[in-house]
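*Asks:* Feature list, courtesy of TrEMBL:
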DOMAIN    13-114  domain 'Protein phosphatase 1 regulatory subunit 21 N-terminal'
REGION    86-109  region 'Disordered'
COMPBIAS  97-109  compositional bias 'Polar residues'
COILED    132-205  coiled coil
COILED    559-586  coiled coil
COILED    702-736  coiled coil
Amino acid sequence: MMANVTDLQTKYSKLAQEYSKLRAQNQVLKKGVVDEQANSASLKEQLKQRDQSLRKQEQEMDSLSFRNQQLAKRVELLQEELAVSEAKGKKGKNKGDSPSQHGLQTQNVFDEDLQKKIEENERLHIQFYEADEQHRRQEAELRARLEELEKDSEQHQAVVDELTTKYMETATRLQSDKARLEVKVQTLERESKECRMRTDECQQQLRRCQSELNRQVKQSSSVIQEKVPFNDTKFSDYNSLNVPPHNRRHQIKSRDVAGQALSFIQDLVAALLNFHSYTEQRVHIYPLDSSIEPISPLNQKFSQYLHENAAFVRPLEDSFLQLHQSITEDTVTVLETVVKLKSFADIFSSYTHFLQKILPYQLKSLEEECEATLCTAALTVKNQELQSDMKKVTSVFEKLKNYINLLALPSVQQDAMPQSSMSAVFTQLAACLHSLHDAVKEMSKHYNQKASLEQELPNVTQKLCTTTECLLGSLGSLTNSTGKIATFFSNNLDFFTSSGYGLKGSTLALNPLQAESMLANKKKATAYIHAITQPRPQTVPYREALSNRRILTSSTESREGLTQQVQQSLEKITRLEQEKEHWLLEAQLGKVRLEKENQRITDLEAQLTAVLGGSLNAQTPGNNTVAPSHEEAEMEHKMTGKETTLCTSLVGMLCTTPTVEHVGDEVSREQLIKSHYMARVGELTTQLQISDSKAVHFHSECRALAKRLAIAEKSRETLSEEVKLANQNITRLQVKCSPFI
């Protein structure tokens with residue numbers, strides 16, 4: 001609260017300083033505008049004077065032009081008189097010399113006068129032209145200067161207007177801020193008074209609670225000393241009641257740390273995958289391009305190994321993800337119980353073996369680059385430095401493998417390492433992570449220098465440049481990820497080295513059996529607390545309980561009877577449905593038989609009519625002729641009786657002979673068809689009824705679940721609002737009480 005008031009005061013002082021600066025600038029701009037206005041007025045006066053002089057010169061020009069016209073007219077008159085005199089002279093040549101001499105003298109005088117007038121006119125024209133040009137230049141200069149001054153004046157006026165507007169807005173904002181700050185100060189003062197009062201009350205409550213807790217501790221201590229004499233205080237390791245408590249904070253911290261480490265491991269895995277993939281691409285491009293000519297067998301083997309990098313790198317992320325998922329609030333997280341750490345250590349060991357396998361090929365590949373024709377001495381030096389960097393990185397990964405295997409050993413072998421040794425392993429692991437970061441950083445720096453030198457080679461292609469840039473980007477990501485992992489491990493080193501669980505008065509580590517007993521005790525304690533916090537049902541008198549039991553028994557019996565009745569009704573309905581289908585089929589079969597019988601009767605009547613008509617027409621007087629015809633009819637009947645007939649229907653075909661058994665075959669076939677369809681109809685009816693009952697049951701369950709979901713959503717919203725209000729109250733109390741703590 002006091003910090004907010006201080007911030008507001010500093011803001012108000014800054015605004016006041018800006019206001020004073022703007023006010024001083026406004027005064028300076030006002031003076032500049034006044035000066036420019038005075039200059040503009042003086043220039044306007046000069047322009048007026050120049051206009052007046054221009055008018056005078058124009059008047060003089062007009063007068064001179066008028067005078068010039070008069071002189072021109074006079075010259076014309078003189079020229080006419082000269083022409084007349086010359087004509088007269090030609091006529092009077094024979095008259096004496098005295099008149100001609102007089103005419104010549106007069107002509108000379110006129111010529112001189114005309115010459116003088118022409119020269120004077122030319123001089124006046126030149127003066128007028130020069131004055132006019134000078135006047136125009138001065139007028140243009142003055143007009144340009146006037147326009148420039150007007151533009152400056154407009155700009156200054158705009159700046160002045162803008163500053164005035166800004167000044168007014170700033171003044172208004174400062175006044176509103178001042179009023180708001182005054183109101184806020186008053187509010188904060190009231191809140192500070194309330195906080196003091198609440199602080200006093202809290203202190204009193206704290207004193208009362210401390211006194212009450214001290215009393216309870218004394219009472220509990222006396223009870224323990226008097227009533228629990230079976231505690232083995234001499235050998236606390238063998239005390240049956242010395243069970244370590246479940247540390248929920250330690251589990252939450254472990255879960256959080258494992259989650260952060262998982263994100264860093266994911267970044268590291270992505271960087272390693274990119275680094276190996278781009279290295280494989282570079283092997284196919286430089287020093288020989290595989291698309292143009294085959295690369296060396298060594299680089300082919302190296303590329304084959306690099307192509308398998310995902311099989312060694314990706315399991316690192318998967319195994320650590322399983323490790324993170326195994327750490328929950330309901331588990332015990334110590335080195336002795338983290339079984340998944342062993343699988344991560346094994347996978348990390350396999351990746352380290354992979355690095356050792358590809359290291360010779362990396363070194364040989366760099367040597368091939370040095371043996372190239374265009375490789376310079378500086379590039380050879382950088383390749384040698386990269387060889388040493390790769391060896392160093394591989395050796396650091398080997399150290400990391402050893403330390404991780406040591407940390408995974410307690411989960412496999414009990415009492416494998418004391419707690420002090422574990423702390424030393426964690427410390428060495430943190431130092432090794434920093435060494436890895438330094439080695440990768442050094443390798444990235446040397447690779448950057450090598451890439452800059454390769455850019456100067458004449459045989460460098462765009463494909464190689466792109467691959468090198470991608471490789472440098474992956475090295476940068478690898479440097480960042482290793483740096484983050486090293487910093488993260490160093491920051492959490494105290495947490496790693498501290499023991500969140502342990503027996504009181506014992507230096508032995510927690511074993512899995514004790515962890516299981518701890519979790520079992522935690523579950524029992526949770527169930528006990530849950531049981532004692534639940535409201536207990538009210539007691540019922542014995543007679544009322546007996547009557548309720550009789551009512552419940554009768555209700556149960558009646559429900560069972562009703563259930564049996566319902567089942568019987570369903571069976572009866574099923575049987576009736578089957579009988580209905582049976583009689584429907586019987587009716588259809590009877591209809592078909594009736595149609596067949598009617599057709600047969602019609603055929604027999606037709607045959608009888610034909611036979612009777614033929615017998616009347618074919619009668620003979622002798623009996624001998626009748627007997628042979630009877631025998632021939634019997635023979636024909638026998639021959640036709642041996643012929644087979646083909647009966648077809650919707651369900652198949654049946655070959656029969658016109659004998660006495662023909663009717664029996666048809667009846668048996670119809671009976672088989674009927675029995676088959678009746679059985680099928682019964683099965684379908686039963687399935688339909690079962691499906692209907694299941695659908696009704698599922699519908700009722702869905703409705704109940706929907707109601708429960710709506711109730712749960714409402715309760716969740718209510719609880720979230722309560723949590724928000726509680727957090728706001730806690731934050732407000734912390735802010736109010738922070739100056740007094």
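Cβ atoms are placed via backbone N, Cα and C, with glycine included.
Provide an account of the burial state, proximal residues and distances for the features listed.
*Replies:* The helix, strand and coil residue counts that DSSP assigns across the domain 'Protein phosphatase 1 regulatory subunit 21 N-terminal' (13-114) are 97 helix, 0 strand, 5 coil.
With a cut-off of 8 Å between Cβ atoms, the residues of this chain six or more beyond the coiled coil (559-586) that come close are 674, 677-678, 681-682, 685-686, 689.
The list of residues near the coiled coil (702-736) in space but at least 6 beyond its ends in sequence, with Cβ under 8 angstroms from a Cβ of it, reads 1, 191-192, 194-195, 198.
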